[in-house]
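**Q** Just lifted these from TrEMBL, have a look:
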| type | residues | note |
| --- | --- | --- |
| BINDING | 107-113, 162-165, 214-220 | FAD binding site |
| DOMAIN | 145-230 | domain 'FAD-binding PCMH-type' |
| SITE | ARG265 | site 'Important for enzyme activity' |
| BINDING | ARG361 | substrate binding site |
| ACT_SITE | TYR424 | active site, proton donor/acceptor |
Amino acid sequence: MSVRKKKMWCSAIRIYLFLTEIGQLIFNKSLKLDLFSKISGLINCLVAHLALKSPENLQEALIHELEQETNAVHKSCFLTVWTFLVCHEDVVKIVELACKHNLCIIPFGGGTSVSSALECPEEEKRTIVSLDTSQMLAESGFCTGHEPDSMEFSSLGGWVATRASGMKKNIYGNIEDLVIHIKMVTPRGIVEKNCQVPRMSTGPDIHHFIMGSEGTLGVVTEVTIKIRPVPEYQKYGSVVFPNFERGVACLREVAKQRCAPASIRLVDNAQFQFGHALKPQVASIFTSFLDGLKKFYITKFKGFDPNILCVATLLFEGDREKVLQHEKQVYDIATKFGGLAAGEDNGQRGYMLTFVIAYIRDLGLDYYVIGESFETSVPWDRVLDLCRNVKERIVRECKEKGVQFAPLSTCRVTQTYDAGACVYFYFAFNYRGISDPIHVYEQIERAAREEILANGGSLSHHHGVGKLRKRWMKESISDVGLGMLRSVKEYVDPNNIFGNKNLL
């Protein structure tokens, strides 16, 4: 079954007005009138093409940008206009206008703004709609099953443009497995297939030029994806292993036997300790007593070392009878590798941590803690070495860069495949006493990425390349492969209208 997203509710396109005739300006108030006189014609074109009722709002947005202190490039060469579009035809008009005036367009999906450029004027009366596709589908008894960690804010077009992956891909697939049809507006025109069929043998799949293009080729305006009935039954679970090596071996065997649940994740000891520290205080004495008994059984009776053990979290979905059969099969495999069932609550809390980690990161900034995540995919025979070496490299780099306190350096095996797994890293450090923590952070992350590549990992499994990782693209896909991507870009967008500088 499929569902088509026919309208782009509150989609935004950011149009960069390059003032090439002015040169490298440092914007100040004395230049405002001159700037507005130079672009007033363009504003009128925007109003005419999009039938905007209030061109004053557009001018207010420009004033707002002129007074901002963002990065150096904003100050030196351009200002911006935001347009909110509601249909495919609007995008066609905007792209045609941008080509005519040689403007730069950056599509914007579910990201967040740090410059207040998305704040609406107080007198704005139009309704801003938050489109929750999962809720809308659920009302009709369906779901997509695509649940990336960013699903609270991310958009369907963004999933396509970044080649996204969801935590339940074992049942529902990654975004490339869900997509049936894509329509994209490019400077050359509209790209789409002539029919919506399950498979075609017509040369290289044009969908794969679009998926992962990261906004460099055009704007995704319509996507048709598969949907499924909402699962009858859902059950969480967890397994404790004596060490990370046993846990990885178990996940590999589960993948080998093709019996992976909707989601299966293995967190290392550091991440287990971190999650345990965030566990809410138990109000019931009886519950606290039971938790104590479980800990005693695992550590004293079974001999697990609390500083070495690791935990796998599980999520099963489907028909109740099949879920229970599937659950037994997975737990039987886990037992062969020394695993002990650890209950549903621990599994559910583990998945909840996925969605709150970004908020914890923001909270950490108030306490001089800076941190982020990064990921990779790696063959099974390199998983253990990669995890160990990358974490050790982070600790080493922090020490060499003058970080006073031991950093958080942790990972989880977050998705499994026949040939390997996706590994997700978190790292954070206290930057007290460091004069330029952002620079230090970037150096450490760069070193970690180099360690990943040296250990047989990919440049990215699902985060994409963007600007941060494009220095390694040639190494990752070969010189010829990079040339192929550049050739597509040069043909589709010869004037670099979609010039966000991603990928290439």
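Start at 1 and count along the chain as shown; that gives each residue its number.
Note that Cβ sites are derived from N, Cα and C of the backbone, with glycine treated the same way.
Unlike curated records, TrEMBL annotations are generated automatically.
Describe the structural context of each listed feature in the structure shown, including burial, neighbouring residues and relevant distances.
**A** PRO107 (FAD binding site) is surrounded by 26 other CB atoms, counting those within 10 A of its CB over all protein chains shown.
Residue counts for the domain 'FAD-binding PCMH-type' (145-230) by DSSP state, with H, G and I taken as helix and E and B as strand, are 19 helix, 21 strand, 46 coil.
Same-chain residues at least 6 positions away in sequence with a Cβ under 8 Å from that of ARG265 (site 'Important for enzyme activity') are, in sequence order, MET167, ALA312, THR313, GLY350, ARG412, VAL413, THR414, GLN415. DSSP classifies ARG265 (site 'Important for enzyme activity') as strand under the three-state reduction.
For ARG361 (substrate binding site), other Cβ atoms within 10 Å of its Cβ number 16.
If you draw a 10 Å sphere around the CB of TYR424 (active site, proton donor/acceptor), it holds 23 other CB atoms from the protein chains shown.
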**Q** At the level of the C-alpha atoms, what whole-angstrom distance separates TYR424 (active site, proton donor/acceptor) and ARG361 (substrate binding site)?
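**A** A Cα-Cα distance of 16 Å.
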**Q** Could you measure between ARG361 (substrate binding site) and PRO107 (FAD binding site) for me? Cα positions, answer in whole angstrom.
**A** 26
